[in-house]
Amino acid sequence: NEVEFVNSDIRWPSRWDAYLKMEGAKIHWFSIMNSLMVILFLAGIVFVILLRTVRRDLTRYEELDKESQAQMNEELSGWKLVVGDVFREPTSSKLFCVMIGDGVQILGMAIVTIFFATFGFMSPASRGMLLTGMIFLYMLLGILAGYAAVRLWRTVKGTSEGWRSVSWSTACFFPGIVFIVLTVLNFMLWSRNSTGALPISLFFTLLSLWFCISVPLTLLGGFLGTRAEPIEFPVRTNQIPREIPAKNYSWLLIFGAGTLPFGTLFIELFFILSSIWLGRFYYVFGFLLVVLLLLVVVCAEVSVVLTYMHLCAEDWRWWWKAFFASGAVAFYVFLYSINYLVFDLRSLSGPVSATLYIGYAFIVSLAIMLATGTVGFLTSFSFVHYLFSNVKID
């Protein structure tokens, strides 16, 4: 048979369009509209807190003369009572600083990668370009992680002593966990002589990239963090911590708060999981960028609302709670991944394949927890700093 070549009107850059048409654009729009409704609802609550409650209290306080202020100080209630403890150092402060540093790094990598992918710089025609770009960006942003972790450490401790240890821990915490999980999964695959196992050469390449590029950049970022001015707290911290009233619902509330950010991303999560595990194309990075930005806004709002509620309940231990208020979304992402495995991936055969899937789901969930928790904490820190900068309590 003869082969006949027919000239096509399709331009060379558009040759992939036939494969990249994804079904369900209406579902993506529905997801975004749903997220916007959640954001508006939470924005309303934040608006009421900031403008109605906080501003009213501060204005009323400033209008009084000194005697009345002194009398009012004795009758203080809610968040004003924790003024001497609100910036007290959190428990496990080193781990906290390390997690915030890694969260900044992961969040930066996600936003930049998806931004470039949205504008077509990472075409599916180049296999593995997206993953390579993510690893490259993650390593480069080590400088940001070291800076954020050490500057927060200086702010909490009041000194830069121990910054090398913080920088090293930041450089090794998340990549170390990922490396351990990948090694365990690979040993399982090697024992089964699976073709899905990563070659030893790739392992050594990743290790050399980690220790030759990522670690030095993180240490450089840490050094720059020691040169930056620590954030000044607007109020003094008392020597003796204030007793916190017994409240049992606090962590339950935080755990439940994760459902709101999860509501903004679960539809995109389905499409992403299908593209990874069922071999479908995922190329609606524009939608993904919008969903990511909406997720950041929801995490920020959820965390501010919960932090304010804890301060009103005279609970000054808000640092970790602000982190997990938005970081709890990762738990729901992990649960959804297990649900997807059970109901949508029936073709995945054997316990080794299921373990491999769960291992990857754990890594992704951990990354999401660090990124979203960092958004929540940084927003809450700004909110608390602003709130107590406006209080004149002796």
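Cβ coordinates come from backbone N, Cα and C, glycine included.
Just so you know, TrEMBL annotations never went through curation; they're auto-generated.
Just so it is clear, the model here is predicted, and its values are computed rather than measured.
As annotated by TrEMBL, transmembrane segment applies to 27-51, 95-122, 128-150, 171-190, 202-228, 249-276, 282-306, 318-338, 358-388.
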Does the transmembrane segment (282-306) reach the transmembrane segment (358-388), going by 3 or more CB pairs under 8 Å (6 or more apart in sequence)? yes
Tertiary contacts of the transmembrane segment (249-276) (same chain, 6+ residues out, Cβ under 8 Å): 22, 24, 27-28, 30-31, 34-35, 38-39, 42, 282, 284, 287-288, 291, 294-295, 298-299, 302, 306, 309-310, 313, 315, 321, 324-333, 336-337, 340, 344, 372
Do any residues, 6 or more residues outside the transmembrane segment (358-388), come within under 8 Å Cβ-to-Cβ of it, and if so which ones? 54, 79, 83, 86-87, 99-100, 102-104, 106-107, 110, 174, 177-178, 181-182, 184-185, 231, 233-235, 261, 295-296, 299-304, 307-308, 311, 318-319, 322-327, 329-331, 333-334, 337-338, 341
Given a Cβ distance threshold of under 8 angstroms, which distant residues of the chain, six or more beyond its ends, lie next to the transmembrane segment (128-150)? 97-98, 100-102, 104-106, 108-109, 112-113, 116-117, 122, 160, 163, 166-167, 169-171, 206, 209-210, 213-215, 217-226, 228
Beyond the flanks of the transmembrane segment (27-51) by at least 6 residues, Cβ under 8 Å: 260, 263-264, 267-268, 271, 284, 287, 290-291, 294-295, 297-298, 301-302, 304-305, 308
Please give the sequence-distant neighbours of the transmembrane segment (95-122): residues at least 6 beyond its ends with Cβ less than 8 Å from one of its Cβ atoms. 129-130, 133-134, 137-138, 141-142, 144-150, 152-153, 156, 166, 169-170, 173-174, 218, 285-286, 288-289, 292, 296, 319-320, 323, 367, 370-375, 377-378
